[in-house]
Number of protein chains: 2
Amino acid sequence: MKINFSTPSGFPEFLPGEKRLEQYLMDTIRRVYESYGFTPIETPAVERLEVLQAKGNQGDNIIYGLQPLLPPTRQSERDEAGRGDTGSEARALKFDQTVPLAAYIARHANDLQFPFARYQMDSVFRGERAKDGRYRQFRQCDIDVVGRKELSLLYDAQMPAIIAEIFSQIQIGDFLIRINNRKVLTGFFSSLGVTPDRIKACINIIDTLEKVGVDKVLVGLAAQGLSPERSQQVIDFIKIQGDVDLVLAALNEFAAKLPDADRFKLGIEELTTVINGVRNLGVPDNCYCIDLSIARGLDYYTGTVYETTLIGHEALGSICSGGRYEELVGTFIGESMPGVGISIGLTRLIYRLLKANILQPLAATPTQVMVLNLQEDLMPIYLQVSQQLRQAGINVVTAFDKRPLKKQFALADKQGITFCVVIGTEEAANNRCQLKNMATGEQVEVSIDALANEVKQQLG
Amino acid sequence: MKINFSTPSGFPEFLPGEKRLEQYLMDTIRRVYESYGFTPIETPAVERLEVLQAKGNQGDNIIYGLQPLLPPTRQSERDEAGRGDTGSEARALKFDQTVPLAAYIARHANDLQFPFARYQMDSVFRGERAKDGRYRQFRQCDIDVVGRKELSLLYDAQMPAIIAEIFSQIQIGDFLIRINNRKVLTGFFSSLGVTPDRIKACINIIDTLEKVGVDKVLVGLAAQGLSPERSQQVIDFIKIQGDVDLVLAALNEFAAKLPDADRFKLGIEELTTVINGVRNLGVPDNCYCIDLSIARGLDYYTGTVYETTLIGHEALGSICSGGRYEELVGTFIGESMPGVGISIGLTRLIYRLLKANILQPLAATPTQVMVLNLQEDLMPIYLQVSQQLRQAGINVVTAFDKRPLKKQFALADKQGITFCVVIGTEEAANNRCQLKNMATGEQVEVSIDALANEVKQQLG
């Protein structure tokens, strides 16, 4: 029988050079997260279904339940795992890292220090409808800080600093972190007299401004019962743009004119605190702005919200988003645990940046030096030289297969290996070797003892 | 309704200090793997069931099939994912990394360079019966080198060098890598006149020697039709011990005396080549030996096999095992692709080493410095100092919550944060700060510009 060995639809995998790129990005992201004191956690891929569904079914996506398949030798058996596919024992694959974070905190609350700042870079699973750049398994690189009862707004201010540091380090061009506060939005609509049950609809409508344009937004707002005058105020409001200080001043002006503006003012105050923090953290002015049209679709955000766009590549959508929430993480233990977090959808980001030629795969191997095989009888020397380089922190392969020298060079070149070391009878007798730099084509003769240093020097 | 938020049975998770230990071990393992030129890959957690079962059902373990759960809004729908629970679209979670490696090579054969040396550190899933230290999701750190048609035995020789390097670096005490060759075993039995269909049974019997003792092994061999004289030869054979050269000499003596010893001699030759390679790679003599009782349960090994035991903690079992195989990886494309690999069952290893007190969790946070909060009005300075330290590669948290100084120190101490930075009005006015080393209790005053260097120097 012919086996279909392709990956299941929606579960792609990287070639080595792409995987190495992912690892480089993960290392960078992790280093920045840790520089702000975030500690790693990992939750199982599998959780109880009741835990995963505690906050709903993640939109209209499919959750992957587990169906234990007994081996032929155990078909008659119904062990614990076998009972696990329905009822209270039902288990499924996690579809995000927020619900598992809530469960993790509930499970270990007594062993954790608060504010609890953690990062998590696991794969999550969603039965997404197949679309370009949507996957059913993908890695998210999340951070969240969670407090008990309260959490300083300066944690909100750190998030843009972290985003800016990461995207500066990975050098994918200019980016803009757009910051808003949902209380500014909800407070504004409330001051306009929009009833609470309609505020969400209004926010969803203005969230579409960029896509559909002003006219359609006006139609939408009218359908929600806003007078033309009020609707115009909404448009004027979300069009406030420019320098953050100007935007804050404009918001304060608006607030002064509007009735019942307590919530609106609270939002402005929070936003001001966050923006001042971002500034004091030294984030370059051109990296962030206040964008009043940012609402974030997810219902659970209650304060600060973020989106990040790559300048010139706005069609990619937000490459890092997040926000502040009040009622999410404490769910399982019935405690108030405000949190703020951001997420980088790494898998999707890599595929899109590769496709857009903004990132390129790395070399297909981490090998820096190939020690060539000229004569079998010199193999002990090749092995010893290889080990000597490894001890110096250099990644080495020894060519074990006897092939024409030209082929060995070609193999090194094809894999992006920078150096080849050539040792024949004469070199071996004199404890020397030829070092060829495949990038420059230059070849130097050095003593074997000096080889590691020479390689390091040429690597720079 | 009260939700059971505990992890599902068999799916444990680490506390932050344990997770940091895992990450430290993964970083170390990865660095050693890369120093030998292994390149990372990651295959999806989910494969087609027919792929996973191509080589059988992984013993009598349960495979976790996927059962897509449609959200309420899509109950009437049967989309692509919905069809995926039976038949040719059935998908399941991978239970090892060898079958996925075979599939990966089949999928990308034209994009890979051979010999293809890859490492993979993913989680795999098995419906194991619950036992101490057995998990249903666990991480394996595997390497394999796969050749097209042939593969030098020196790749087999590198494996003990890699194992020795890893376990030396992670400092868990003395270890012994036990090396054998299955051709030595099967060739020996064949020379004794044991028919091929009974060789496997005999190998399984001698594999139990350490557990059940000589007498029971003799009974077992008799049941396989071996005469008392032949059985005694088997015992004499597997009891050959000592210096590798003595063992090889004893094997050659045996081979000279036995009829039809071609396969036996081939095994000895392979073993000799591997041992010479291990020696030439500089692996310390006391780290490895030839152990003729090592057979590895898995059917697919055809040549070199390895097990690694921790001296003084033999009850932990093998902490790193593997071997050479001929017919595994080429399965899907019907090509001969010999390979050799090893696997570290990391999750299990960590739990056992923690339990045996051989390893301890790391600090619960990567934070090295906490900048304390004395006065809210100095916050801009605290933020700036924090950023300055981060730019120097130091992990920092800023204390945003205003608490008594004593509590802030206590919080740092409890989390294992080594340094606290104290800046009051006077220090701020003079651009200076107090640096307290929580480990030594010493406190020094330094200028803010010199702070990063002082911290680095004290960290050593």
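Including glycine, each Cβ sits where the backbone N, Cα and C put it.
Note that TrEMBL annotation is computational and uncurated.
Just so it is clear, the model here is predicted, and its values are computed rather than measured.
The domain 'Aminoacyl-transfer RNA synthetases class-II family profile' annotation in TrEMBL covers B:20-366.
Among the features that TrEMBL reports, region 'Disordered' is placed at B:68-89.
The compositional bias 'Basic and acidic residues' annotation in TrEMBL covers B:75-89.
Positions annotated as L-histidine binding site by TrEMBL: B:ASP96, B:GLN97, B:THR98, B:ARG126, B:GLN140, B:ASP144, B:ARG296, B:TYR300, B:TYR301. DSSP gives B:TYR301 (L-histidine binding site) a strand state. B:TYR301 (L-histidine binding site) is surrounded by 22 other CB atoms, counting those within 10 A of its CB over all protein chains shown.
Residue density at B:ASP96 (L-histidine binding site): 17 other Cβ atoms are found within 10 A of its Cβ, drawing on all protein chains shown. Note: B:ARG296 (L-histidine binding site) has non-local neighbours B:ARG182, B:VAL305, B:GLU307, B:SER321, B:GLY323, i.e. same-chain residues 6+ apart with C-beta under 8 A of its own C-beta. Just so you know, the Cβ of B:GLN140 (L-histidine binding site) picks up 18 other Cβ atoms within 10 Å once every protein chain is counted. With a cut-off of 8 Å between CB atoms and residues at least 6 apart in sequence, the same chain places B:ASP142, B:ASP144, B:LEU328, B:VAL329, B:GLY341 near B:THR98 (L-histidine binding site), listed in sequence order.
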